[in-house]
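Noted in TrEMBL for the protein shown:
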type	residues	note
DOMAIN	41-290	domain 'G-protein coupled receptors family 1 profile'
TRANSMEM	25-49	transmembrane segment
TRANSMEM	61-87	transmembrane segment
TRANSMEM	99-120	transmembrane segment
TRANSMEM	132-150	transmembrane segment
TRANSMEM	197-221	transmembrane segment
TRANSMEM	242-261	transmembrane segment
TRANSMEM	273-292	transmembrane segment
Amino acid sequence: MERDNQTWGSEFILLGLTSDWDTQVSLFVLFLAMYLVTVLGNSLIVLLIRLDSQLHTPMYFFLTNLSLVDVSYATSIVPQLLVHFLAEHKGIPFLSCAAQLFFSLGLGGIEFVLLAVMAYDRYVAVCDPLRYSVIMHGGLCTWLAITSWLSGSINSLLHTAITFQLPMCTNRYIDHISCEILAVVRLACVDTSSNEVAIMVSSIILLMTPFLLVLLSYVHIISTILKIQSTEGRRKAFHTCASHLTAVALCYGMAIFTYIQPHSSPSVLQEKLISLFYAVLTPMLNPMIYSLRNKEVKGAWRKLLGHFSGLISKLAPR
């Protein structure tokens, strides 16, 4: 019991990406810039949707939730990563490690479910446009958003509790950039088959099930689009789904590759790079995807900038 108390009370050491100082400084500058762009981009999306009444629709309500998830996910990992790039001692306390695992795993699960919800929204918009406002009413949208947040949080709470009840060996070194669940499970000095089964089950429930629902939605969407007579109509219908489809490819692709088969998982270096892609690059790209490929968002930006320009011109001395 004494050995277990000492083990759980100690800190873990994150090995990170590299031990070369010059490389760490360069990565610090790069990831700091990307993190700032992520926070700024997602915050501006939320602010724009809040300020423009024309964006007060189910699609942008879910996009607001997605932006909040993205910036929160990045914040659960990147600040700690930045600190360790410049720190000689790369330790993370036990409680901080558990909290990081809980938030990163939970927010990831929330995003998977949320993308499936957004696919259903696009399905209704394209396949049943006349009843869209009736089906996607405020109550349903709120319920779907709450379900997304609760499902990811409950799954993460269970995994965090199960993982940190494992008896850990004297090895405190986590060969990863963060307290990622597979990396932490590897520290256990007992058979972790049951944990790997639990990871597989949760992957099916929170990853593959939403992914299959997204595929099913887009099968119906594509089928409906192909039945549209005019080329312009088909183009407009596809354009409403293009941004979401791009985000789905980024999010689900990397997550499936990382988590769905723990026994045949990629190398440790590949896991680190995949985690970086998912924690740093994807949250940064989502605001760009939904801004650059969306006429309504671009129109809202132009209108908002026009209001600011007009306000500045009125306040400027003549």
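The backbone N, Cα and C atoms fix where each Cβ goes, glycine too.
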Listed stretches 25-49, 99-120, 132-150, 197-221, 273-292 vs the transmembrane segment (61-87), most Cβ pairs under 8 Å: range 25-49
Range from 25-49, 99-120, 132-150, 273-292 with the greatest count of C-beta pairs under 8 A to the transmembrane segment (197-221)
99-120
Other same-chain positions with a Cβ less than 8 Å from the transmembrane segment (99-120) and lying at least 6 residues past its termini are 59, 62-63, 65-66, 69-70, 72-73, 76-77, 80, 92, 144-145, 147-149, 151-153, 155-157, 159-160, 163-164, 178-181, 184, 202, 206-207, 209-211, 213-214, 217-218, 244, 247-248, 251-252, 255, 278-279
Intrachain residues whose Cβ lies under 8 Å of the transmembrane segment (25-49), provided they are six or more past its termini:
17-18, 55-56, 60-61, 63-64, 67-68, 70-71, 74-75, 78-79, 81-82, 85-86, 280-281, 283-284, 286-288, 290-291, 297, 300-301, 304
